[in-house]
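Working notes for the structure below.
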């Protein structure tokens, strides 16, 4: 047995070493590719200038150049505004046990298997006062052994876990609703069944509610749990950090985080209770809204006049898709719910919904709307012109990707202290080549409300397409739960 254990350790280290070597090859390739692109841009500089002059002589070319300049200007202004807000952002301080509010953590699970056990175990090990913590696991009619793992967690962790088994699968909203109905805490917390938290996650997440009574919801920070399972998780980890520590941090400074992710969020019970049935029974195009329950709840809390805050030091790690097809399904789900809830928000955002200033909330809404409307058009027109001068336009687009990916790359390097931020550049190209169709397709299939990834082991809460705003916008210029 001892020899077997040693052999397994050696084998594990071998795989880890090979993974490291593969990552280094990719990173070196990314650096070489960027240098080559810059050199090619310099080499073709005169040719590109001639093409621009040629475009100025053509009415369609002039229209495209004006459109591109407007689109780029909007993104630059947005970037500088957010950069200033992020510079000023600070997470709320963590309170001592006596000052914390009681909380009920609801974990909806569907065909999650063993992972739900790991999720519940991580929650039970939280550094949170036992008399103020309630953990509720809801099996949403799973057809696998999810209930067995929930039962195992309840047996081992005792009174910390309340287990609910629904007779049939009714969707994540209904599972959450069932958990909320059994909740006794002052704050509702949602954690996805494929996520794990750190010991201080809950304490940091709940602290803002006791500090500021105007806060109705708090978003945690989401990172990738299975980042070593492939190149897609590695890229997404970089983009997730950008989505939260840049996009949501800036939104938090104007009291309006647009989406609290299902993977880790908290809601003040007194704020949720009056809108709970409206949220549960939401429809769109006459059909039940089965996706984007986190963004829908965020909208309702903003509409009720409460602030939505981002707590950077409250972290959960979640599983993300490893395969391209599953990634597309996840992004389509996010895109559709993002568009739907932006339409819903248009019904109240320019009304007096908040006593304090709502200017920042309205700016975020306008920027989001511009992205939804113009991004697909910009991509289509850009691709059309690429067919005209594929080399010259291609180089220009790649230069754009380098610029727009740099913030995510630099931020990741600063936060994590390693070179994995280089995957942001790879993701920018990946978006252009493989994901740029999603924004347009989600618009024309908005009436589809299926979960698409429900029941897979690679699902996450909605991070909203604000995750990918800078990526899916400028080349889409380049995002993401």
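Backbone N, Cα and C define each Cβ position, glycine as well.
All TrEMBL annotations are machine predictions without curation.
Looking at 333-352, 393-412, the range annotated in TrEMBL as transmembrane segment turns out to be 393-412. Feature annotation (TrEMBL): of 3-23, 24-44, the stretch labelled transmembrane segment is 24-44. Looking up the ranges 298-318, 424-444 in TrEMBL, the one annotated as transmembrane segment turns out to be 424-444. For the domain 'Glycosyltransferase 2-like' (104-272), the mean pLDDT of the prediction comes to 96.
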